[in-house]
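One structure is given here, and the rest of the page talks about it.
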Amino acid sequence: MPNQRPAPAMTPTAPILEVAAGVIHDREGRILIAKRPAHLHQGDLWEFPGGKLEPGETAAEALRRELREELDIDAEAAMPLIDLRHDYPDRRVRLSVWRVERFTGTPKGLQGQPIRWVRPDELPHFDFPAANRPIITAARLPDHYAILDGDGLAGLKTRLDRLVATGISMIQLRAKGLEARDFAALVDYTVPLCRRSGIRLLLNAAPELARNSGADGVHLTAARLLALDARPLDAPFWVAASCHNAAELRHAERVGVDFAVLSPVRPTASHPGAEPLGWDVFADWVDRVALPVYALGGLLPADVGEAKRRGAQGIAGIRGFLEGFAPQ
Ligand SMILES: Nc1nc2c([nH]c(=O)n2[C@H]2C[C@H](O)[C@@H](COP(=O)(O)OP(=O)(O)OP(=O)(O)O)O2)c(=O)[nH]1
Ligand SMILES: [Mg+2]
């Protein structure tokens with residue numbers, strides 16, 4: 001049985017172990033996982049390859065070294081995916097996780113560890129250490145999250161058709177200007193279209209409506225989020241939430257949502273009165289939670305690089321996603 005050895009007592013001041021790990025992609029979009037040897041901390045569980053930072057090393061340097069030592073590959077292009085802190089009973093860790101887009105060499109378990117290539121949506125079927133839950137979610141989420149909003153059923157349908165044609169892979173149906181009957185009609189139009197196109201669809205609506213409509217999950221407004229103390233829908237349904245401050249993000253983490261959207265990062269046409277957070281505040285708040293967080297507010301698809309450097313999963317947008325959008 002994994003994790004059954006008695007754990008040494010940990011004082012609140014125990015040092016935080018810095019770890020770098022890689023979510024390595026192949027050309028078909030599969031991800032490499034490895035099994036931790038039984039005798040190690042969190043042994044016999046699957047992991048994303050990586051290990052501890054050596055003194056003086058940056059996380060990016062440690063990642064490249066660990067991937068050479070454990071898998072015999074050279075990481076050529078890596079982007080920050082998610083950073084998080086986790087306290088095990090016997091150890092405190094900070095995991096700096098990178099999405100490795102390109103590498104040379106053929107991965108092999110140089111330390112005798114079994115390795116496997118799996119599709120992102122298969123990851124939940126494997127046993128990982130407890131810290132990995134948000135990492136697995138992040139590995140399954142795209143860079144761009146489009147929000148369909150506006151007035152008028154006909155116009156919204158046209159916008160949706162154009163959005164689907166861009167190749168976007170995750171959409172939130174918001175359409176808060178619609179009457180209930182028109183919203184229901186838009187849902188009936190959107191659900192089969194998204195299913196056919198392989199698009200993950202989240203409804204900004206009551207969780208029961210999302211569950212019964214054939215959508216993939218619910219997107220909670222901040223008000224709905226704050227009224228909950230547990231997830232309203234279990235996996236495989238997705239649960240996301242809109243947040244505007246650090247307390248709401250913390251609440252989203254406690255409730256166990258899959259991911260959050262934090263806004264407004266920049267001034268935006270849809271909320272002209274709202275004070276923009278700016279990237280520094282955004283990065284600070286995101287750093288305090290173990291949750292994938294999209295940046296929203298006055299951003300364009302091309303801002304995704306900056307967003308990721310600031311700790312975001314990617315960017316969400318209402319406008320800007322129809323023009324010049326080309327997901328990888
Ligand atoms: N590599 C990796 N470590 C993880 C993951 N999730 C998780 O909680 N951890 C924890 C387990 C360990 O406490 C720590 C990583 O330490 P490690 O034992 O792999 O370190 P290392 O590769 O440098 O190994 P060693 O030199 O000590 O043999 O981070 C993960 O997905 N990948
Ligand atoms: Mg390791």
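Cβ coordinates are placed from backbone N, Cα and C, and glycine is handled just like the others.
Annotated domain 'Nudix hydrolase' per TrEMBL: 15-143, in sequence order. According to TrEMBL, the 8-oxo-dGTP binding site annotation covers R36, H41, E47, F48, P49, G50, N132. The Mg(2+) binding site annotation in TrEMBL covers G50, E70.
Overlay of TrEMBL annotations on the structure.
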{"residue": "R36", "record": "8-oxo-dGTP binding site", "contacts (Cβ under 8 Å, 6+ apart)": "Q42, G43, D44, L45, W46, E47, Q113"}
{"residue": "H41", "record": "8-oxo-dGTP binding site", "contacts (Cβ under 8 Å, 6+ apart)": "Y88, D90, R91"}
{"residue": "F48", "record": "8-oxo-dGTP binding site", "contacts (Cβ under 8 Å, 6+ apart)": "A21, G22, V23, I24, L32, I33, A34, V97, N132, I135"}
{"residue": "P49", "record": "8-oxo-dGTP binding site", "contacts (Cβ under 8 Å, 6+ apart)": "A21, G22, I24, L32, A34, E66, L67, E70, L71, I115"}
{"residue": "G50", "record": "8-oxo-dGTP binding site", "contacts (Cβ under 8 Å, 6+ apart)": "V19, A20, A21, G22, A62, L63, E66, L67, E70, V97"}
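Annotation note: N132 (8-oxo-dGTP binding site) sits in a helical segment as assigned by DSSP. The DSSP breakdown of the domain 'Nudix hydrolase' (15-143), given as helix, strand and coil counts, is 30 helix, 53 strand, 46 coil. Summary of the 8-oxo-dGTP site environment: with the site residues R36, H41, E47, F48, P49, G50, N132 set aside, the chain residues having Cβ atoms within 8 Å of the Cβ mean position are V19, A21, A34, Q42, L45, W46, F128, P129. Taken together, the residues of the domain 'Nudix hydrolase' (15-143) have an average pLDDT of 97. The 6 Å Cβ screen around ligand 1 retains E47, F48, G50, N132 from the binding-site residues R36, E47, F48, G50, N132, ordered by sequence position.
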